[in-house]
């Protein structure tokens, strides 16, 4: 919005000011997470003779040269190396600014989003979806802790949000797409169960083989019962090997 008495299309820096370093106050980190929408873009002529369009960085307020970048949705600041949106997000998307100043893009119906930076990994709760006009300032998200647990993957070591409220279940890591067990009680319990069932079925098969040999020579259908007993026992032992070899993932902090 233009100031009183100043045309919104007038240059931010007058031609008589020369090469002046922007004197905007330093960026102060807000506590609340913000869903960031780009301002309505207006090409602003720079003080040089070429009239190159520029825009202020949303993080450090430095001027960003937009020459040759007007087709992009976001541009990168050469001072702080952070991204600044210059166009509205694609249809069905929205911008979110993480407290570490990383600009993220997600679906406009998303409730949570994770920061991909290794030194942050923050889970951002976006709160209920609201349609915000572009002219309005960015609205802070609700400061609500996510309902779930941060879990360290047993395969890749990355942290992800696990939404189950009980332990000893399986979880799929969104980073490596592999399945692991949250806690070790469930795999051990199922491994012992399948070993017991497999050995029982194999012993039954051995008993049938020894005890019904003469009967099987007259009634060949008896061989089917042998095969079923051995097959069920083998399947149980294979499942026991699966549960015995599964990786364990452990929770970091619980917010539930």
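Cβ coordinates are placed from backbone N, Cα and C, and glycine is handled just like the others.
Values in this document were obtained by computation on a predicted structure and should not be read as measured data.
Range with Swiss-Prot annotation motif 'CX5R motif', chosen from 106-112, 113-119, 120-126, is 106-112. Swiss-Prot lists transmembrane segment at one of the ranges 163-183, 226-246, namely 226-246.
If you draw a 10 Å sphere around the CB of residue 106 (active site), it holds 19 other CB atoms from the protein chains shown. If you average pLDDT over the motif 'CX5R motif' (106-112) in this model, you get 83. Residue counts of the motif 'CX5R motif' (106-112) by helix, strand and coil are 0 helix, 3 strand, 4 coil (DSSP-based).
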